[in-house]
Each structure stands twice: as structure tokens, then as C-alpha cells.
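Annotated in TrEMBL:
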| type | residues | note |
| --- | --- | --- |
| REGION | 306-327 | region 'Disordered' |
| TRANSMEM | 32-53 | transmembrane segment |
| TRANSMEM | 65-86 | transmembrane segment |
| TRANSMEM | 130-148 | transmembrane segment |
| TRANSMEM | 192-219 | transmembrane segment |
Amino acid sequence: MFQLNAKLLCTSGIIPNENINSSSWKSVLFRIFQITLYLLITCMIILQLLALYHYWGNIKLMTDCVGFLAGFGSLYIIALYIMFSWKDISEVFDNFETNSIFCNALVLLNQRHMKILNESLNLAQNLNKVISTLVFLSAIMYILPTFIQHLMTSEEAMLQQAGTEEGFTKHFIFVIWFPPALKQELTIRITYALQCICLLAEISLAAGVLPFQVVLIFYTGTQFKLISSIIREMDEVVCRIENSGNLLHEIPEQLFTTDRKILSNSFQLPMPTKLPKPNWDEDESTVLSTERQLRSKTLQNLLQGGDINQPSERLNDQSSSEIIPTDNNDPASLYLLECIKLHQACI
């Protein structure tokens, strides 16, 4: 689910991947890369703050400076937070993969819910690609015009325009404080090269941070969308169970046991690495798996007898509070209990 986001965050120098963490020398090189990158960005932000003070009163230069400062500063702070909290971010990745509603049997064994999940995963991948592409295109739009100006402008004209409004517009990507004593061609070109590196570094941070934020919000919304879909089909599933007349129909063999751990484990399925392609032509089978799961849940309560009031171990990692149905064998109550647990897990 987050494979592309993890690659982008690693490429931008925010979070190391498993390959880097497995080697000490790779980890050292990655830390050196991080330190160099953030020192360069810090120096450029300081020069922009000095430019804001030095060119105070020039509306055009101040507007340009404030705009870049806002973008650079916000990305810089978010990237630093993710960099220092990378273990927590990695845990978020793992929780979505192994311990979220996406791994629940009511979702994985129902074609209607799997359609929602598949569409969400595909859209999330497309959002990752589109946002990253747009971010890098914006960098080209800033660098290319100034690079052409450096090729076309003579040395004398460049020195005359250095430090002026026209000079910053033509020969620099963003406004910084440029001391008059450094008005030399070599210094101007080196400063421009450092600005290009700094902009590419900020763009790489944006390509890692922005898609991750968007996809995280999108996946969170998808969980509530799945819960809404599960609740909407409650009447259909319960009617099928009540009219079947045989609760033991198509029940897995492992459910014929009074071992609570075996019963609990039978309802948890791992998140598949590749989601199956459902057959949308069979409308009758859209709730069959959900019906089977609910029958199994009813059988579990029958086998446990008076122990129904004990806290369930099935969703220990997903929810701490339990709501006990009034009727031990009521399919509607059991189904509603499952929906409440899933909603608690999302929250």
C-alpha cells in the first residue's frame, strides 16, 4: 500500500529503507547525506531571511522572498519531524498493512467491499505518481528560464545586474542576500548552482511528503467508506442468514472447537500482497462470504455458551472497548457489534 511512498521518502533523504538500515556504512552515508542536505537548506533559509530585512520596501523582491520562505519553511519543518519520527511512521505503514480494516475478513471475503478497496488502492497509486510528477515539473519551470539566462547573458551585464531586482529575476531562482563584495562572475554562478541544488532538495522533500500526506488521508477516508458499505448491506446479510434455516452450512472445520484462541484466529486474515480481481457478474455471491462469517460468529457464541459476556480477543489490537449484544444468537446484534468494532478500530 505504501511501497511507493516509502521509496519517495527514502530517495528524498527523510526515512532510510531496510537495505540502508541493514548495513552500517550505508547508514553512515545516508546520515551524511541528510546532514549535508539540511545544512544547505538551512543556510539558504537564513540568506532569505537576511534578504527580507535588507530589501525591505521592495514589494516585488519581498513577495518573492516570502513566497519561497513559506514553502521552504513548511516543507523543512515537516521533513524534520518525519525524519526524527521515522520509526513511528514505519509503524503506521505496518499497521495499515497488517492491522487495519483492510485486513478484516468482512472486507477481504466480500466482492462489494473488495471493489471499493481495489479502487482506492489504484487511485492512491495514481495520486502518488501525479503529485510527484507535478512537483518535479514545477522545479523545471523555475530552473530552466534562469539557466537559459546564464547562457545568454555576458559577464559585464551579469555583474551590473547583480543584487538588483532585474538581476535576481534573471540570474537567480529565488531572492537571497547577496553582499556587494561578492559581485564576481564565479561567485554568482556558484551561488546559482547552490540555489539549484537547494531547490531540487526541497522538491525531493515535497515529492516525498506531499503524496504521503494525501494518501494517508485518503486511506483513512476509505476505511470509513468500507464501514458505511458494510452497514448498508446489513439487512441483506441478516435476511439471508435468518432464511437459510441451517447455521452449520459451509462452516470451516476449525470452528468446531471450544478453544477460544483457535476460534479467535479463524476470523483474522492477512492483507494479501496482491488483491484478487473479483467477478462482478455474480450478484448473488456479493454477500455470501459475509454471510458465512456471520454464521461462524453465531456458531462461536453457541459453542461458548454463557461465556459470551467475556471480552473478545479477536480485535485486541484494533479496539479496547466492547459492546455486548443483548441476544447471544441474534445475527443482527452480532453484525452490528462487528460494525462497531471496525468503526472503533478506524478511530
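Note that Cβ sites are derived from N, Cα and C of the backbone, with glycine treated the same way.
Unlike curated records, TrEMBL annotations are generated automatically.
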Tertiary contacts of the transmembrane segment (130-148) (same chain, 6+ residues out, Cβ under 8 Å): 8, 170-173, 192, 196, 199-200, 203, 206-207, 210-211, 214
Same-chain residue ranges lying at least 6 outside the transmembrane segment (192-219) that approach it to Cβ under 8 Å: 1-2, 4-5, 8-9, 11-14, 37, 40-41, 44, 71-72, 75-76, 78-79, 82, 92, 96, 120, 123-124, 127-128, 131-132, 135-136, 138-139, 142-143, 146-147, 150, 171-174, 176
Same-chain residues at least 6 beyond the ends of the transmembrane segment (65-86) whose Cβ lies under 8 Å from its Cβ atoms: 9, 12, 14-16, 34, 38, 41-42, 44-45, 48-49, 51-52, 55, 174-175, 202, 205-206, 208-209, 212
